[in-house]
Amino acid sequence: MAPWALLSPGVLVRTGHTVLTWGITLVLFLHDTELRQWEEQGELLLPLTFLLLVLGSLLLYLAVSLMDPGYVNVQPQPQEELKEEQTAMVPPAIPLRRCRYCLVLQPLRARHCRECRRCVRRYDHHCPWMENCVGERNHPLFVVYLALQLVVLLWGLYLAWSGLRFFQPWGQWLRSSGLLFATFLLLSLFSLVASLLLVSHLYLVASNTTTWEFISSHRIAYLRQRPSNPFDRGLTRNLAHFFCGWPSGSWETLWAEEEEEGSSPAV
């Protein structure tokens, strides 16, 4: 690997996240927080639980940021095979669209990411904090990561607050609690962002839509002339399909079924 590859945006972002995660954890252990008090009293269950949650959130972060989000295969296929696939999967009203950047036929709900330079299946968004797309393959893990990360952040926020001492002279307080207070503010900001992200993504999952579709539905060919979301199968089935892949089936098939139901005359 070339030396300059170590300075790629992905490496820098993931290294920064890892350093920040363990740096904040170290601050919570070094100051007079409940975490340190438990450790000094020999009550190691809660400190170990906190460390395991931090480690779990970090491993989930790395998994989501490094895994294939659902890239569309760029290998060329025979023309006849493409025609058969298009006929079988996509209704005539909405033919497969060829990406003008990577020249692949995009499945329904796929979109080209300019940062990754690839088309991604069930594209949600490109996450700059992970330097990776969130798509069909890693979106469920992304939601699980957000939930675990929020638990860690809120617990860390409580621990930071437990170590703050306000009734001290200004200079002494700054030396003893300045870094911990800065950590508290940072955790407050991260907790707010993680909460908003988790709530918004749970809403998207519950309605079987994506960030891109929610924001740009008026510009997306398969959504802009539909009065409702054609992929919404109800809360239970949406959650089951998102997290467990059940019931299975292509988005093209589901879209076609909804189109037939919408066009069939009322009895």
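In case you wondered, yes, glycine gets a Cβ from its N, Cα and C as well.
These numbers come from a predicted model, not from an experiment.
Listed in Swiss-Prot:
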type: ACT_SITE; residues: C127; note: active site, S-palmitoyl cysteine intermediate
type: DOMAIN; residues: 97-147; note: domain 'DHHC'
type: TOPO_DOM; residues: 1-9; note: topological domain 'Cytoplasmic'
type: TOPO_DOM; residues: 31-43; note: topological domain 'Lumenal'
type: TOPO_DOM; residues: 65-140; note: topological domain 'Cytoplasmic'
type: TOPO_DOM; residues: 162-178; note: topological domain 'Lumenal'
type: TOPO_DOM; residues: 200-267; note: topological domain 'Cytoplasmic'
type: TRANSMEM; residues: 10-30; note: transmembrane segment
type: TRANSMEM; residues: 44-64; note: transmembrane segment
type: TRANSMEM; residues: 141-161; note: transmembrane segment
type: TRANSMEM; residues: 179-199; note: transmembrane segment
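Around the Cβ of the residue listed as 'active site, S-palmitoyl cysteine intermediate', a 10 Å sphere holds 18 further Cβ atoms from the protein chains shown.
Count of Cβ pairs under 8 Å against the transmembrane segment (179-199): among 10-30, 44-64, 141-161, the largest is for 141-161. Residues 28, 31-34, 36, 184 of the same chain lie 6 or more positions beyond the ends of the topological domain 'Lumenal' (162-178) yet place their CB under 8 Å from a CB of it. Helix, strand and coil content of the topological domain 'Lumenal' (31-43), in residues and according to DSSP, is 7 helix, 0 strand, 6 coil. Outside the topological domain 'Lumenal' (31-43), and at least 6 residues removed from its termini, the chain residues within Cβ reach (under 8 Å) are 50, 158-160, 162-163, 165, 177, 179-180. With DSSP classes pooled into helix, strand and coil, the tally for the topological domain 'Cytoplasmic' (200-267) is 39 helix, 0 strand, 29 coil. Over the topological domain 'Cytoplasmic' (200-267), the average per-residue pLDDT in this prediction is 85.
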